[in-house]
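See structure below.
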Amino acid sequence: MGYRDRGILSMPLNPKNTEAGYILSLGVSAPHRRNGIASLLLDNLIAHLTTVEHKFCRAIFLHVLTTNTPAIRFYESRNFKLQSFLPYYYLIKGRCKDGFTYVLYINGGHPPWGPCEYLMHYCKALCNSQPFASRKIINLDKSEDLE
């Protein structure tokens, strides 16, 4: 991953095993567009990267021109999320163009967490592992006398 894309994944416990897929280019010639070819290609990539052999692949990401509205709509319809804005990312015919990074998290991957996400995660884990205690804390166990 390039330095601009390092914020895509959270820091794993074992970074050597973490992988990310990258879509360098996905295009369909004009006469064949709107026939499901790009969807078929993307579906096959996702199916391939969600197999047991690729269980450590946590994300698929790509870059797209900010002006490529059809591609942006396509990726958003396929649950890719906007990750970042990349000013002057492309150089096309001698002119700088802006780009976006889009990402699809797979196999339990997720974006980097901030302090709030870590706190929520550990609170949920605590409540799920101690159902009796959590019921007492929020007073859902009505059958018990509270003296």
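Just so you know, glycine gets a Cβ as well, placed from its N, Cα and C.
Just so you know, TrEMBL annotations are computer predictions that nobody has curated.
Pulled from TrEMBL, these are the features on record:
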DOMAIN    1-107  domain 'N-acetyltransferase'
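Taken as a whole, the domain 'N-acetyltransferase' (1-107) shows an average pLDDT of 89 in this prediction. Note: the domain 'N-acetyltransferase' (1-107) comprises 34 helix, 37 strand, 36 coil (DSSP; helix = H, G, I, strand = E, B).
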